[in-house]
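Colleague: Just dropping this structure here.
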Amino acid sequence: MKTAKDVLKSIKDNDVKYVDLRFTDPRGKWQHVTFDVSMIDEDIFAEGTMFDGSSIAGWKAINESDMCLMPDPVTATIDPFFAETTMVITCDVLEPTTGEPYNRDPRGIAKKAEAMVKSMGVGDTVFVGPEAEFFVFDDVRFSSSPYNTGFRLDSSELPTNTDTEYEGGNLGHRVRTKGGYFPVPPQDSVQDMRSEMLGAMAKMGVKVEKHHHEVASAQHELGMKFDTLTLMADHLQIYKYCIHQVAHIYGKTATFMPKPVYGDNGSGMHVHQSIWKDGKPVFAGNKYADLSETCLHYIGGIIKHAKAINAFTNPSTNSYKRLVPGYEAPVLLAYSARNRSASCRIPYTASPKAKRVEVRFPDPLANPYLGFAAMLMAGLDGIKNKIDPGPAMDKDLYDLPKEELKQIPTVCGSLREALENLDKDRAFLKAGGVFDDDFIDSYIELKMTEVERFEMTPHPVEFDMYYSG
C-alpha cells in the first residue's frame, strides 16, 4: 500500500511537474483541480486542501461552500495523456469544520458500505467486477433548442454506410445490426484503438484482462480484473477516462449512454460481486448452483430492493430505453445459473473461489461508488433478514408465455419510477449510516430535474407520429 512518503518519492523519481486531484460528483462525473508540484507535501495528505463545493450539482449551497479534498495516496498514478508529467490522485471529500467524510461524497459512501460488511460480521472483503460497454462514433451532432431538437450519429462501421461514398472508395466489411459479437478485422474496425485504451488503463494502475467488439455496430467492451469495492469504483472512473481520451485522440467520440441507437443492443454494465471472510468465499456452499444460503439471501435482497437500486444503477432517462425486452436486457427480477436472461445470474465455475453473483441490469452511466454501494446494501439487507429469493428460473425467460411473465417482477420502467421507489424504500440504504436522508433527498431532487426536463421536451418521434394528425 502506498503512503504519502511513497507518493512524494514517486513525484521526485518521475520528475512530476503537476499533481491532479480528482473526485467524483453525485452524477458520477470525474472532476479535477491541478496543482503545481511545489504545492504538494506531506501536509496535504494530512490536512487536505480546500475547494469550492457550491459549483458541484447536488452539493453545498453558496453560503456554505467550503469543502476539503483529502488525497488518498493509494490511488496515485501517472496520467499518460497530459503533455507535462502529471500525477493523478483520487480524493475523498471531507467537511472542513469536523474533518469527517462529507455525507454526499460518493466515494465516502462506498467506503462506509464496505465497512458495513465487517461490522455485520458477514465478511471482511467485498470484490466487485463490472463489465461496462460503450459506443464509439466518428461523429455526433445534437441540438436541444426549442426550435431545433434532434441528433445524428455516424460511424464507418454502421450498416447504414454500405453505400456511402468515401475518399478512396467504400471497402464494405460493415458490422450488421446485432452482428458485432465478434468478427475479426476489417469488420472490427477499431482493434488498435481498443488496445491503446487497455494499455492506457494499465499505465494508470488498472489490472486489465482483454477487449473485444460488442453486439451492436460501433459497440465495445474492455475487461478488467475484479478488485475491492471502492478501488474498483476508482478503476471504473479510470476506465471511462481512458476510453474518452483515446477515442478523442483518434478523432472519434465515445459514449456510455445505455441506448444511443434505436433498434440495436444497448450498453449495459453487468456487475459481478462476492464477499470473502478469513480468506474463504462466503458465497460458496451446497445449495442451488453450489451457492451458500448466505448468497441466496444476498440475491433475495437484490431482487427485493431492485426498483430502489435502479435509481443508482440506472440513473438516466436513457437507461430505461435499454431496459426493454428483446435486446438481451435483463428486465425480469429472477435468478439463474448460466441463464443470461435473468437479472441475477450465477456464472458457471468449478472453483468455489469463483462463486459470485452477476447483477445484469446496471448500466455504465451509473456512478460506480453509489451503484456498487446500493447493491451491496441491498444484499446485506437480504442476509440480515434472511430474504428468500424464491425458486431459480432456469428456462429462457425471454420465451415464457405472457401469463407466466406477468408473475415475475420487473425492474423499473422509467427514472421517475426508480426515484419514487428510492423515496419509498430507503431504510436498507440507511443501515449503519451508509446513506442518509439528506443525501437521498438531494439525489432525488437532482435527478428529478433531469426527469422533468425530459418529460417536458417535445420529441422528434412525436412529430413523426402526430404532426399531421
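Quick reminder: no glycine exception, Cβ is built from N, Cα and C everywhere.
Pulled these from Swiss-Prot:
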- Glu131, His270, Glu358: Mg(2+) 1 binding site (BINDING)
- Glu133, Glu214, Glu221: Mg(2+) 2 binding site (BINDING)
- Glu209, His272, Gln273, Ser274, Arg340, Arg345, Lys353: ATP binding site (BINDING)
- Asn265, Gly266, Arg322, Glu328, Arg340, Arg360: L-glutamate binding site (BINDING)
- 14-98: domain 'GS beta-grasp' (DOMAIN)
- 106-469: domain 'GS catalytic' (DOMAIN)
- Tyr398: O-AMP-tyrosine (MOD_RES)
Colleague: Please list, for the domain 'GS beta-grasp' (14-98), how many residues fall into helix, strand and coil according to DSSP.
Modeller: 15 helix, 35 strand, 35 coil
Colleague: Taking Cα atoms as reference points, which of the recorded positions Glu221, Gly266, Glu358, Tyr398 is nearest to His272 (ATP binding site)?
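Modeller: The answer is Glu358.
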Colleague: Fewest neighbouring Cβ atoms within 10 Å: which of the binding-site residues Glu131, Glu209?
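Modeller: Across Glu131, Glu209, these binding-site residues, the one with fewest Cβ atoms within 10 Å is Glu209.
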Colleague: When DSSP states are folded down to helix, strand and coil, where does Arg340 (ATP binding site) land?
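Modeller: Arg340 (ATP binding site) sits in coil per DSSP, no helix or strand.
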Colleague: Compute the mean position of the Cβ atoms of Glu131, His270, Glu358, which form the recorded Mg(2+) 1 site, and then list in sequence order the other residues of that chain whose Cβ is within 8 Å of it.
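Modeller: Surrounding the site, in chain order, are Gly129, Pro130, Gly268, Met269, Val271, His272, Arg345, Val359, Arg360.
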Colleague: Binding-site residues Glu133, Gln273, Ser274, Arg322, Arg345: which have a Cα within 10 Å of Glu358 (Mg(2+) 1 binding site)?
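Modeller: Final answer, ordered: Gln273, Ser274, Arg345.
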Colleague: Quick one: mean pLDDT on the domain 'GS catalytic' (106-469)?
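Modeller: That region's mean pLDDT is 93.
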Colleague: Using the structure shown, find which entry in Glu221, Glu358 (the binding-site residues) has the sparsest Cβ neighbourhood within 10 Å.
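Modeller: Output over binding-site residues Glu221, Glu358: least Cβ neighbours within 10 Å is Glu358.
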Colleague: Looking at the binding-site residues listed here (Glu209, Glu221, Ser274), whose Cα lies nearest to that of Gly266 (L-glutamate binding site)?
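Modeller: Minimum Cα distance from Gly266 (L-glutamate binding site) across Glu209, Glu221, Ser274 lands on Glu221.
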Colleague: What is the nearest of the recorded positions Glu133, Glu221, Arg322, Arg360, Tyr398 to Ser274 (ATP binding site), using the Cα of each?
Modeller: Arg360
